[in-house]
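If you check TrEMBL, you get these features:
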- B:16-37: transmembrane segment (TRANSMEM)
- B:43-63: transmembrane segment (TRANSMEM)
- B:75-94: transmembrane segment (TRANSMEM)
- B:114-133: transmembrane segment (TRANSMEM)
- B:140-157: transmembrane segment (TRANSMEM)
- B:163-180: transmembrane segment (TRANSMEM)
- B:185-203: transmembrane segment (TRANSMEM)
- B:272-290: transmembrane segment (TRANSMEM)
- B:302-326: transmembrane segment (TRANSMEM)
- B:338-356: transmembrane segment (TRANSMEM)
Amino acid sequence: MKLFGPNNTVMSLIFGKKTVTEASQSFTFGRRAFFLGGAQLAVGGLLATRMGWIAIAENEKYELLSESNRVNLTITPPRRGWIVDRKGLPLASNRTNFRVDIIPDRLQDRDRVIAELSKLLKLDPNDVDRINEDLDKAAGFQPVQVADDLSYEEYAALSVRLSEFPGVAPAQGFSRFYPAGPSVGHLIGYVGAASAEDYQKTKDPLLITPGYKTGKQGLERSLDKLLTGKPGARRVEVTAHGRIVRDLATRPDTPGRSVKLTIDAGLQEFAGRRLGEQSGSIVVMDCLTGDILTSTSMPSFDPNSFSDGISHLEWQMLSENDHVPLRNKTLAGLYPPGSTVKPMVALSFLEAGLDPDESTICTGGLRVGNRVFHCHSRRGHGTVNMHRAIEQSCDIYFYYFAQKIGMDVIAAMARRLGLGQKFDLPFPNQSYGTVPDPAWKLKKYKEEWQPYDTVNATIGQGFMLVNPTQMCVMAARLATGLDLNPHFLADGKRHEGTPLGIPLEHLTVIRNAMKDVVNGGGTGRAARVDIPNVLLAGKTGTAQVRNISSAERAGGVRGNAGLPFKLRDHALFQGFAPYDNPRYAISCILEHGGHINRMQDSPGIVGDCITFLYDPAKAMEKLAGYEKVWGGTPQERLEKQLNEFRIAKGLAAAPPDNAANASNAATPANDGEPEAPDPDQARESADAGAPADVEEPREAPSSAHPASAPAVAPLPLPEAQ
Amino acid sequence: MNKLVPVPDAIARLPWGLYALLTGIACFGGVVLYSAAGGHLMPWAGMQLARFAVFLVMAEVIGRVPHQLIRAGAFPLYGAILIALILVELIGGVAGGSQRWINLGFMQLQPSEFMKVAVVLAVARFYSILPIAQTRTFTAIWPALALIGFPALLVLVQPDLGTALMISMGGVTVMFLAGLPLRLFVGTGLAGVAIVPITFSFLHEYQRNRILIFLDPESDPLGAGYHISQSKIAIGSGGLFGKGFLNGTQSHLDYLPEGHTDFVFATMAEEWGMLGGVGLIAALFILLRWGMRVAQQTEDRFARLVAAGLTTTIFLYVAINLMMVMGLAPVVGIPLPFMSYGGSSMLTVMLCIGIIRNIDRNRETLGDRWR
């Protein structure tokens, strides 16, 4: 213990050399106690100052933070404006519904909750698929809809058991309702929850509010700004755990504006149903104003099921279908117009000074360059003047005079009548087609224009492409000689066309010829309408989608019925009525229609649509008869198709299978059709898989199907430039 | 100044002045707890006030026991609590968690709480028997360090950093007052400052984060910084006059965690504002000043070390807690005397006051009996 001895140097270094006495220690204590007291007081002062800093200097900042803690702003989605037809009938409306959402962030024990929910709400396996898919994709904040349109009983049953399902949120809201279902699918489009990308872009909290839907396609998308109102807000005081203590203030939502369309809801639905099993489109225009009365593309999807969040399976079925139900054919479908352009070409001849009585002789073929071009009539039409050429759709007449007159005249007239024209229409995806002429070909292909190009163009083949709406505009301008433009929105103004400067006597020649196409001995007799004082004028068309080789021609051209669907000709028709005082213009294009089935061919369809405009009851009666054969309305057929698809995929296990069998057994009305549809359907779907559109290069260039399933339910439909 | 400001003589004659001060603070605490419970006496305010009444009587009783009892009891008390601490450690180990108390049936005994008092008594006792001549030798240091270090270490591994800190600082304060050379403290302090950056580099990632978050709680408002952020919001939104009694939103809507225990000051400040806060701080410092006066006026070596040490213990409660709620110290779980709901801390503080009161009563008669 030497280390601790009083003389140790280390000791003195540490402890100093002072000797401690009682007095000195007492003195030290006094001093140090005083120091300690002072230090304590200093800390007290520091604390008081700190408090002053927080509570006085930074008071504003903290008051704000405290308020934002306390007050929670809940947004109530605005009711969406209605879309109504020209008479005020709703095409898209809202209905109150009870809904159940899942907030992914708060969900615990997902499998159990979904199993219980599907039992409680009787969800079918399809819905469960979709919910699981959505949950996998969903960002934590974005609610995933479990079920919509619940009955009050289901809603109540769930509400009382809510504590068992963390993350499940029942709600009352509005859902979009489309009374006409599939027949307005492409026209109106559909709505859906905003995507996560949309939200990332704008950070608008409305976008992630449960129940808020934004327009995804068609008019719903392009009119979204008008239709979306101002959200309501509810300021509530909430606890840290999210429990609402009391309401502070509530501002009701301002519903979006209603939009009135020029569409005639009745005709729109009739046209959609009348297209039957065809893949086609109908556009009807008012010849006085350019109002679009109908813009139908079938087959279609049910926008109601899109708005609810479409199932994976339904999407797959729609995208694999070779009738392309996901494309709006009226605006995004491009077709060679075929013979329907002949009246237009004839008008250009008149404009160029051709006498309508001048004639040529059709022998069934004409040599152009080193190739023989054939007329559709192999025997030939004999002596043909303009009237007869249109009435009989003689190709040789047009081959002959077109070569004399030249493509530039024809192309100019085509453009005047609206082909290739871009119309300012409220639709996101449109294709505008092509009116070819020498300058165009040089620019596009770096090749000289050839006589056979002219020949092809005069019969609406070759480079010429139109969409059905343009074809309808052509019919309307042919009918009136006025510069009519299509309108979808009834804005209260009257859009009268200005004269195109085409002499009336020229038009009269064309109109009379087109009248006789239908009412004389022409090619469109099937379109005749049985309405007093109303004569339909029109022009048929057939557009080849394949080359017919000379060998095949020699051996006899195969009938369309013997060809696979994708190789059949397009069947077209354009016209107007009444012929002497045009009121309505119409176009109808059936993809690969092939003129196989008279009941479902374009002239008959056009005739019935015009009949509907004058005598709806009569037209409906006829349609009802047809639909018995086809197996119901488009809606019913769509549902049936989905069931069959599910069975074909082997996806639906026992329950839906049984249900389908049961329903088959229960409806002997189906006896007319053998049991073939199932395998057929399956094979066709498989055939029409990925390479489906490759065979159709003439159509919208980028119209390839989205090969994979959609990420979230509503994915943009195939887009075209 | 305030009427309650105790002139030392007046305190000696009128212990009621002290008790009025304590009762005032405790009642204010009761009022705040009443509000924290959403305007109800139960479960906190009533219990708290009842406890205070009991402990006040206890303090007076301690004030009146013979001083010799405290002096003689210092080491045995320290030993008993040390054993209890070890027991807790063993039981806690068995229970598999950080258990800090022994369940006595009628109450849960938290030995570390009493160690704050016992360590002051023991170290003071040690210096009172240490020959004055040896004050500047190692003999004056290592036993005291052992007395402090052993329990502090036991508490630290519980783990309870705050209490361990308070035990150490209480003991070291007594060492400081006992007259150990100043250079020891200055040197250790400087060494500590030098070690901080080195230590920091040795810390785990999460430990560093914890320190960084303490330095900037807003950087993690939902995680570790949540307590401090919400506490500052409560105090800051109170402003000068507060939101008014029962009108605090941070506390009533549960944004402020531990609003009735460790963060009771924030609950109070939100409703009573800066005036309430400064008033409370002033009242508590008047109490501390009383304690220091008693120490300074006492001649007896043991007694004055105890008085100053225990006053410092109360001071540490107040200072650490307030620094914590105002974002000047990390969250270490030290309650605010008289205000925070809980029996143990009030018992400890009242023990301190009882013992200081005992010294105050007896200081005339206490000779400086060096032994």
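Every residue gets a Cβ built from N, Cα and C, even glycine.
Proximity of the transmembrane segment (B:272-290) to the transmembrane segment (B:75-94) is not established, fewer than 3 Cβ-Cβ distances being under 8 Å for residue pairs spaced 6 or more apart. Between the transmembrane segment (B:16-37) and the transmembrane segment (B:75-94) there are fewer than 3 Cβ pairs closer than 8 Å, counting only pairs 6 or more residues apart in sequence, which means the two stretches are not in contact. Remark: the transmembrane segment (B:75-94) makes no contact with the transmembrane segment (B:43-63), by the rule of 3 or more CB pairs under 8 A.
At the 8 Å Cβ cutoff, the transmembrane segment (B:338-356) and the transmembrane segment (B:43-63) share at least 3 close pairs (sequence separation 6 or more) and count as touching.
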